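Visitor: The structure that follows is given in the form of C-alpha coordinates.
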Amino acid sequence: MDVIEGNTVVSNITKIVVVVARFNKAINNHLLEGTIDTLKRVGQVQDENITIVWVPGAYELPLVSQALSISNKYDAIIVLGTIIRGITEHFEFIYKSCNFGLSNISISNLVPIGLGLLVTNDIGQAVERIGIKGNNKGSEAALAALEMINILKTIKNNN
(Lines of atoms letter the chains of each structure in order from A and count residues from 1; the text may use other names and numbers.)
(Lines give C-alpha, C1' and ligand atoms only; values in the text may rest on other atoms or scores of the structure.)
Protein backbone atom coordinates (compact mmCIF):
# COMPACT_ATOMS: atom_id res chain seq x y z
CA MET A 1 0.00 0.00 0.00
CA ASP A 2 1.30 3.44 -0.96
CA VAL A 3 0.81 6.26 1.51
CA ILE A 4 1.66 9.81 0.51
CA GLU A 5 2.24 12.25 3.33
CA GLY A 6 4.15 15.47 3.35
CA ASN A 7 6.60 16.63 5.91
CA THR A 8 7.17 20.25 6.76
CA VAL A 9 10.85 20.62 5.87
CA VAL A 10 11.39 21.92 2.35
CA SER A 11 14.42 22.30 0.11
CA ASN A 12 16.68 25.32 0.44
CA ILE A 13 15.42 26.70 -2.88
CA THR A 14 11.73 26.66 -1.94
CA LYS A 15 10.15 30.06 -2.45
CA ILE A 16 7.15 31.19 -0.43
CA VAL A 17 5.09 34.35 -0.79
CA VAL A 18 2.97 35.66 2.06
CA VAL A 19 0.10 37.97 1.11
CA VAL A 20 -1.14 40.03 4.06
CA ALA A 21 -4.17 42.31 4.35
CA ARG A 22 -3.38 45.71 5.84
CA PHE A 23 -6.95 46.12 7.19
CA ASN A 24 -6.91 44.87 10.81
CA LYS A 25 -3.12 45.18 10.66
CA ALA A 26 -2.62 44.85 14.43
CA ILE A 27 -4.08 41.33 14.29
CA ASN A 28 -2.49 40.44 10.96
CA ASN A 29 0.99 41.42 12.17
CA HIS A 30 0.74 38.64 14.78
CA LEU A 31 -0.37 36.19 12.09
CA LEU A 32 2.62 37.24 9.99
CA GLU A 33 5.02 36.76 12.92
CA GLY A 34 3.71 33.22 13.44
CA THR A 35 3.96 32.48 9.72
CA ILE A 36 7.54 33.69 9.35
CA ASP A 37 8.67 31.94 12.53
CA THR A 38 7.23 28.62 11.33
CA LEU A 39 8.62 28.96 7.80
CA LYS A 40 12.13 29.57 9.17
CA ARG A 41 12.18 27.36 12.25
CA VAL A 42 10.15 24.37 11.05
CA GLY A 43 10.38 24.55 7.25
CA GLN A 44 13.96 25.86 7.24
CA VAL A 45 13.03 28.42 4.58
CA GLN A 46 15.71 31.08 4.15
CA ASP A 47 14.95 34.82 4.44
CA GLU A 48 15.85 35.42 0.81
CA ASN A 49 13.21 32.87 -0.25
CA ILE A 50 10.34 34.59 1.56
CA THR A 51 8.45 37.46 -0.07
CA ILE A 52 5.81 39.51 1.76
CA VAL A 53 3.14 41.38 -0.19
CA TRP A 54 0.81 43.80 1.59
CA VAL A 55 -2.65 44.42 0.11
CA PRO A 56 -5.34 46.88 1.27
CA GLY A 57 -7.77 44.31 2.68
CA ALA A 58 -9.06 40.75 2.59
CA TYR A 59 -11.05 41.31 -0.59
CA GLU A 60 -7.80 41.92 -2.51
CA LEU A 61 -6.17 38.66 -1.37
CA PRO A 62 -7.53 36.48 -4.23
CA LEU A 63 -6.57 38.86 -7.04
CA VAL A 64 -3.00 39.26 -5.85
CA SER A 65 -2.75 35.54 -5.10
CA GLN A 66 -3.86 34.76 -8.65
CA ALA A 67 -1.23 37.09 -10.12
CA LEU A 68 1.44 35.50 -7.92
CA SER A 69 0.34 31.95 -8.72
CA ILE A 70 0.58 32.43 -12.48
CA SER A 71 4.00 34.08 -12.14
CA ASN A 72 5.42 30.58 -11.43
CA LYS A 73 7.95 32.13 -9.02
CA TYR A 74 6.61 30.57 -5.82
CA ASP A 75 6.14 27.05 -4.50
CA ALA A 76 3.31 28.17 -2.21
CA ILE A 77 1.26 31.18 -1.24
CA ILE A 78 0.18 31.95 2.30
CA VAL A 79 -2.65 34.43 2.76
CA LEU A 80 -3.24 36.27 6.02
CA GLY A 81 -6.15 38.47 6.93
CA THR A 82 -8.86 39.11 9.46
CA ILE A 83 -12.54 39.62 8.74
CA ILE A 84 -14.59 40.62 11.78
CA ARG A 85 -18.39 40.57 11.64
CA GLY A 86 -19.94 43.99 11.53
CA ILE A 87 -23.54 45.09 11.53
CA THR A 88 -23.92 44.75 7.76
CA GLU A 89 -23.92 41.77 5.41
CA HIS A 90 -20.64 43.02 3.96
CA PHE A 91 -18.85 40.54 6.25
CA GLU A 92 -20.40 37.49 4.57
CA PHE A 93 -19.77 38.81 1.07
CA ILE A 94 -16.08 39.42 1.82
CA TYR A 95 -15.28 36.09 3.47
CA LYS A 96 -17.25 34.02 0.95
CA SER A 97 -15.61 35.83 -1.98
CA CYS A 98 -12.16 35.33 -0.46
CA ASN A 99 -12.59 31.65 0.31
CA PHE A 100 -14.15 30.85 -3.05
CA GLY A 101 -11.53 32.83 -4.98
CA LEU A 102 -8.56 31.39 -3.10
CA SER A 103 -9.85 27.84 -3.42
CA ASN A 104 -10.28 28.25 -7.17
CA ILE A 105 -6.79 29.69 -7.57
CA SER A 106 -5.17 26.82 -5.70
CA ILE A 107 -7.08 24.15 -7.61
CA SER A 108 -6.78 25.77 -11.04
CA ASN A 109 -3.08 26.57 -10.80
CA LEU A 110 -1.93 23.65 -8.61
CA VAL A 111 -0.30 26.04 -6.16
CA PRO A 112 -0.74 25.35 -2.45
CA ILE A 113 -2.40 28.19 -0.58
CA GLY A 114 -1.99 28.23 3.19
CA LEU A 115 -5.15 29.87 4.46
CA GLY A 116 -4.55 32.14 7.43
CA LEU A 117 -7.79 34.05 7.04
CA LEU A 118 -9.53 34.68 10.35
CA VAL A 119 -13.30 35.02 10.18
CA THR A 120 -14.63 35.99 13.59
CA ASN A 121 -17.65 37.48 15.28
CA ASP A 122 -15.61 39.92 17.35
CA ILE A 123 -12.11 41.16 18.10
CA GLY A 124 -11.84 38.80 21.10
CA GLN A 125 -12.15 35.75 18.88
CA ALA A 126 -9.49 37.17 16.57
CA VAL A 127 -7.10 37.70 19.48
CA GLU A 128 -7.59 34.06 20.54
CA ARG A 129 -6.34 32.94 17.12
CA ILE A 130 -3.13 34.98 16.86
CA GLY A 131 -0.98 33.15 19.35
CA ILE A 132 -1.34 35.16 22.53
CA LYS A 133 -2.90 32.11 24.21
CA GLY A 134 -0.81 29.52 22.39
CA ASN A 135 -2.19 28.94 18.90
CA ASN A 136 -1.40 31.09 15.89
CA LYS A 137 -3.41 30.58 12.72
CA GLY A 138 -0.59 32.11 10.67
CA SER A 139 1.71 29.37 11.91
CA GLU A 140 -0.92 26.75 11.05
CA ALA A 141 -1.26 28.18 7.53
CA ALA A 142 2.52 27.97 7.09
CA LEU A 143 2.59 24.34 8.24
CA ALA A 144 -0.19 23.44 5.80
CA ALA A 145 1.60 25.17 2.92
CA LEU A 146 4.91 23.44 3.70
CA GLU A 147 3.26 20.04 3.86
CA MET A 148 1.32 20.61 0.64
CA ILE A 149 4.51 21.59 -1.22
CA ASN A 150 5.97 18.20 -0.36
CA ILE A 151 2.78 16.25 -1.10
CA LEU A 152 2.48 17.80 -4.56
CA LYS A 153 6.18 17.16 -5.28
CA THR A 154 5.77 13.51 -4.28
CA ILE A 155 2.71 13.11 -6.52
CA LYS A 156 4.54 14.76 -9.43
CA ASN A 157 7.62 12.57 -8.94
CA ASN A 158 5.52 9.39 -8.77
CA ASN A 159 3.97 10.02 -12.20
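Cβ from N, Cα, C; glycine included.
Taken from Swiss-Prot, the feature active site, proton donor covers His90. The 5-amino-6-(D-ribitylamino)uracil binding site annotation in Swiss-Prot covers Phe23, Ala58, Tyr59, Glu60, Thr82, Ile83, Ile84, Leu115 and is backed by sequence analysis. According to Swiss-Prot, the feature (2S)-2-hydroxy-3-oxobutyl phosphate binding site maps to Arg129.
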Visitor: Would you mind reading off the Cα separation of Glu60 (5-amino-6-(D-ribitylamino)uracil binding site) from His90 (active site, proton donor), to the nearest angstrom?
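Guide: The separation of the Cα atoms works out to 14 Å.
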Visitor: Residues with Cβ closer than 8 Å to the Cβ of Ala58 (5-amino-6-(D-ribitylamino)uracil binding site), same chain and 6+ apart in sequence?
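Guide: Looking at Cβ-Cβ distances below 8 Å from Ala58 (5-amino-6-(D-ribitylamino)uracil binding site), excluding near sequence neighbours, one finds Ala21, Phe23, Gly81, Thr82, Ile83, Ile94, Tyr95, Cys98, Leu117.
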Visitor: Name the residue among the binding-site residues Ile83, Ile84 whose Cβ has the smallest number of other Cβ atoms within 10 Å.
Guide: Ile84
Visitor: Count the Cβ atoms, other than its own, that fall within 10 Å of the Cβ of Thr82 (5-amino-6-(D-ribitylamino)uracil binding site), considering every protein chain shown.
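Guide: So the number of other Cβ atoms within 10 Å of Thr82 (5-amino-6-(D-ribitylamino)uracil binding site) is 26.
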Visitor: Measuring Cα to Cα, tell me the gap between Arg129 ((2S)-2-hydroxy-3-oxobutyl phosphate binding site) and Leu115 (5-amino-6-(D-ribitylamino)uracil binding site) in whole angstrom.
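Guide: Their Cα atoms are separated by 13 Å.
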Visitor: Expressed to the nearest Å, what is the distance separating His90 (active site, proton donor) and Leu115 (5-amino-6-(D-ribitylamino)uracil binding site) at their Cα atoms?
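Guide: Answer for this pair: 20 Å between alpha carbons.
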Visitor: Using the residues the record lists for 5-amino-6-(D-ribitylamino)uracil (Phe23, Ala58, Tyr59, Glu60, Thr82, Ile83, Ile84, Leu115), what whole-number Å value is the largest Cα to Cα distance?
Guide: 17
Visitor: Is it possible to get the count of other C-beta atoms within 10 angstroms of the C-beta of Leu115 (5-amino-6-(D-ribitylamino)uracil binding site)?
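Guide: The answer is 22.
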Visitor: Out of His90, Arg129, which of the recorded positions is least crowded by other Cβ atoms within 10 Å?
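Guide: Checked His90, Arg129; of these recorded positions, fewest Cβ neighbours within 10 Å: His90.
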